[in-house]
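K.L.:
I have a structure here, written as structure tokens, and I will follow up with some questions on it.
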Amino acid sequence: MASTTVAQLAAELSRSAAALLEQLQAAGLGKATPEDIVTESDKTRLLDYLKRSHGQADDSARKKITLTKRETSEIRQADSTGKTRTVQVEVRKKRVLIKRDEAGADQHNEAADQHALAAEAAEQARREEEERQQAAELARQEAEAKARREAAEREEAERRAKQEALEAEQRRQAELLARKAEEEAAAARAVGEAAEDASRKKAEDEQARVAVERAAAQKAADDAKAAADKARAEQDAARKRREAAEAEARAIQQMLNAPARVLKAPSERKAEEKKAEQTGTLHKPVKPASATATEAKAGDKKPAATTTTTTATTTADKKGKTGKPGSWQDDSSRKKGSGLKTRGDSSGGVGGWRGGPRGRGGRQQHADDGRSNFQAPTEPVVREVHVPETISVADLAHKMAVKASEVIKQMMKLGQMVTINQVLDQETAMIVVEEMGHKAFAAKLDDPEALLVVDGEEHTDAEQLPRPPVVTVMGHVDHGKTSLLDYIRRAKVAAGEAGGITQHIGAYHVETERGVITFLDTPGHEAFTAMRARGAKATDIVILVVAADDGVMPQTKEAIAHAKAAGVPIVVAINKIDKPDANPDRVKQELVAEQVLPEEYGGDSPFVPVSAKTGAGIEDLLEQVLLQAEVLELKAPVDAPAKGLVVEAQLDKGKGPIATILVSSGTLKRGDVVLAGSAYGRVRAMLDENGKPTKEAGPSIPVEIQGLSEVPAAGEEVLVLPDERKAREIALFRQGKFRDVKLAKQQAAKLETMLEQMTEGDVQTLPLIVKADVQGSQEALVQSLQKLSTAEVRVQIVHAGVGAISESDVNLATASKAVIIGFNVRADAGARKLAENHGIDIRYYNIIYDAVDEIKAAMSGMLAPEKRETTIGQVEVRQVFRVPKIGAVAGCMVTDGLVKRNSLVRVLRNNVVVHTGELDSLKRFKDDVKEVKQGFECGLSIKNFNDVQEGDQLEVYEITEVARTL
């Protein structure tokens with residue numbers, strides 16, 4: 001292309017060169033002289049500048065081109081008259097072409113360039129970050145290597161220091177021995193010189209002795225030196241062994257860290273093998289060319305079978321380059337069936353050969369030459385086994401990495417027959433683990449109850465506010481506990497109780513002028529031990545009620561023990577002081593004997609004489625209780641989820657499970673989700689002790705709640721949880737855990753139970769089904785009935801529950817032939833009718849000791865009667881007659897008592913019993929008689945005994961059965 005100068009362009013445009021130069025410079029083109037070259041791009045830029053300077057925009061017509069196309073056609077169409085007409089049809093098509101904006105394209109390209117630059121910058125930053133991380137990793141590895149080197153150097157320095165100290169000690173011992181020998185030699189020389197004038201012979205003897213001692217000293221020094229050399233040699237040997245072990249460990253680590261071998265092409269493999277043959281190794285040195293040629297010739301032939309491992313390995317090496325797996329030559333050699341044809345490799349695979357099935361050589365494979373011959377030590381692996389509360393035999397074997405049959409064998413050795421799916425309890429499983437050489441730990445895994453601890457810790461920082469004291473009234477039966485509470489509460493509970501005794505634990509709160517007090521009334525009967533223990537567990541202060549006319553009784557002592565075990569203070573209320581025979585001083589002395597000291601004797605228990613009948617001393621008693629509470633400084637969080645204790649629980653036919661809750665901390669509200677043992681639910685209704693609805697209950701306030709899934713066990717802890725799903729999960733977990741633990745313990749005790757039944761023999765059992773109104777009464781009644789069991793008659797509680805007697809209870813009694821006991825409950829109409837049809841005995845009681853007495857009487861009737869022997873007469877044989885077909889007939893005289901027909905007799909000869917049997921016949925003269933009295937003669941014969949002699953004495957007796965009692 002010909003170049004154009006400024007002057008030529010000015011001539012073409014009919015302008016002066018100076019004016020064109022001014023315009024070029026204004027357009028940003030550095031043209032100074034008319035001889036400067038003007039390119040096409042310069043012309044374009046100049047044209048754009050001139051357009052902008054004159055205000056001319058780009059012509060839109062040049063960017064937008066419209067193409068119009070017309071097509072004309074004819075259509076023949078008939079009209080209504082039948083004539084054909086020709087219609088001209090014109091079709092117009094319009095197409096618009098828009099030129100793309102170059103500026104927009106440039107902007108797009110610029111954006112793309114910016115994006116590419118940003119991506120490149122990000123990639124560069126990532127690379128720099130990776131380099132920094134690699135540098136940090138290298139620095140960390142170098143620091144670790146340096147630390148290891150420094151530790152090794154410190155260890156080596158310590159070892160050298162110890163060795164030098166040992167050598168110094170040995171040198172010092174040798175010097176001491178040598179110095180001692182020299183001193184002894186000097187002393188000997190002095191003695192020899194002194195004695196030389198006296199006797200030369202004596203001097204010679206002395207010199208000989210000194211020589212012997214010197215030899216002994218020299219020998220001792222030599223022995224010490226030899227011992228030092230031996231110790232040094234042992235240290236060197238130990239150091240060498242340690243270094244060898246470390247080197248071997250490093251080699252093993254390098255082998256484990258080495259990259260995996262990959263299959264290579266045959267040419268690469270041959271080159272490597274050729275190089276290896278030229279270099280050689282420690283175990284396979286370089287062979288001369290003649291030996292290599294000999295081996296190559298020998299490799300063309302089939303190798304002979306041999307029985308030694310070395311020959312087999314050498315032959316495998318001579319086979320050429322087809323020994324490695326993964327090569328094509330190896331596949332062809334396998335197809336041809338070439339290879340060693342032996343009956344088996346006695347080396348156990350050390351030579352690298354594995355025989356095929358049935359000894360065929362075609363399936364043999366040569367092992368990889370790079371495989372190490374190192375074998376790990378076969379020491380037994382001791383595992384740490386975490387054993388849950390219940391575990392099956394299969395799961396236990398899996399945890400120990402052994403087969404289940406090994407665990408079953410071990411259990412058989414321990415004397416227990418198990419199956420692979422049998423569930424073991426934690427104690428048995430831990431014994432098996434220890435017996436098999438592993439370490440057993442009690443596991444607490446996957447326990448949803450761990451969530452309760454976390455939830456409880458979240459509310460520990462709540463504000464602690466004072467709370468009312470919880471006071472438990474305890475004492476012996478009929479000492480006036482409930483009457484005392486009735487006077488305080490201005491109520492009459494005792495009058496409505498069956499038999500005048502308390503059989504339920506009651507919770508009340510009383511508002512006094514000095515504050516609120518919560519009372520727990522416990523039964524005093526001996527059967528309610530667990531109920532009293534629960535009362536002591538939930539209490540802050542114990543009021544011990546002792547009757548002034550009765551003194552300390554067994555349940556009084558038990559209440560003292562419960563209070564001391566719970567660590568709560570005791571306030572003694574000496575009741576019934578209004579009686580004429582009241583003796584408070586005697587009560588004090590008896591309580592002092594039980595380690596309950598009054599304050600006037602220097603103790604810490606206030607004694608208050610009261611009368612529940614007249615109300616004397618009640619105010620003083622409440623004042624002492626509040627004083628004790630003030631000393632204890634009882635506080636509890638109020639604005640927190642509630643916690644409490646199940647005081648009592650029962651099953652109502654219309655309301656369902658009902659639980660009496662004593663709130664210990666927090667506030668229980670209606671609608672809260674509660675968890676009590678294995679029972680859970682949402683609080684649907686909440687009543688106070690008077691049966692009035694309430695919306696919330698604070699600390700130390702007793703309430704009755706409804707809405708639980710089942711009747712909770714009395715004494716269970718009550719918690720409020722945030723959602724019902726978590727409560728249901730924990731409740732189901734507790735139910736399953738209780739069921740699994742119970743089942744596992746039953747299985748573990750099967751063998752023991754079997755042995756007990758074998759030793760017991762035939763034992764009478766009295767099956768019972770117990771239904772009570774509340775949980776505490778049912779628990780107390782069951783415990784009292786089970787205590788009645790003896791070695792001959794055993795009480796079997798088939799089922800115990802809370803609520804009315806239902807048809808399912810009657811069906812269970814029919815199947816188990818049991819007697820149903822209802823304590824403060826009745827059977828519904830359907831259950832009564834079903835019991836009459838099946839003849840099931842249902843007994844109703846409302847006083848616990850009435851039930852215990854009747855069951856005791858029934859058990860007495862089941863006892864086998866006692867047989868007692870009573871002597872009724874003595875007979876003397878005077879003469880013996882031998883009667884054919886009858887045998888011996890004794891003529892006798894009744895000397896004492898009387899003789900009855902068919903009586904039992906004992907034949908005594910010289911006061912020795914020779915026969916015990918029964919009379920066959922009894923006659924007086926020729927007549928059969930029923931009995932013969934003292935002083936009369938009679939004739940008699942004994943069944944199956946004819947050796948009656950004159951002078952024998954017959955002792956006549958009878959056995960009577962006497963009914964026994966428990």
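In case you wondered, yes, glycine gets a Cβ from its N, Cα and C as well.
Since this is a predicted model, take the numbers as computed values, not measurements.
Pasting the relevant annotations from Swiss-Prot:
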COMPBIAS  99-113  compositional bias 'Basic and acidic residues'
REGION    99-382  region 'Disordered'
COMPBIAS  123-183  compositional bias 'Basic and acidic residues'
COMPBIAS  197-212  compositional bias 'Basic and acidic residues'
COMPBIAS  220-249  compositional bias 'Basic and acidic residues'
COMPBIAS  266-277  compositional bias 'Basic and acidic residues'
COMPBIAS  304-315  compositional bias 'Low complexity'
COMPBIAS  346-359  compositional bias 'Gly residues'
DOMAIN    466-635  domain 'tr-type G'
BINDING   475-482, 521-525, 575-578  GTP binding site
REGION    475-482  region 'G1'
REGION    500-504  region 'G2'
REGION    521-524  region 'G3'
REGION    575-578  region 'G4'
K.L.:
What mean pLDDT score does the domain 'tr-type G' (466-635) have in the model?
P.N.:
78
K.L.:
What three-state class does DSSP give ILE577 (GTP binding site)?
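P.N.:
In the DSSP reduction, ILE577 (GTP binding site) maps to coil.
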K.L.:
For ASP478 (GTP binding site), list the number of other Cβ atoms lying within 10 Å of its Cβ atom.
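P.N.:
Neighbour count, Cβ to Cβ under the 10 Å cut-off: 17.
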K.L.:
Other than its own, how many Cβ atoms are within 10 Å of the Cβ belonging to THR522 (GTP binding site)?
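P.N.:
Other Cβ atoms found within 10 Å: 29.
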K.L.:
Take the Cβ of ILE577 (GTP binding site) and count every other Cβ within 10 Å, whichever protein chain it belongs to.
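P.N.:
For ILE577 (GTP binding site), the 10 Å Cβ neighbour count is 22.
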K.L.:
Reported in the order helix, strand, coil, what are the DSSP residue counts of the region 'G1' (475-482)?
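P.N.:
Result for the region 'G1' (475-482), in helix, strand, coil order: 2 helix, 1 strand, 5 coil.
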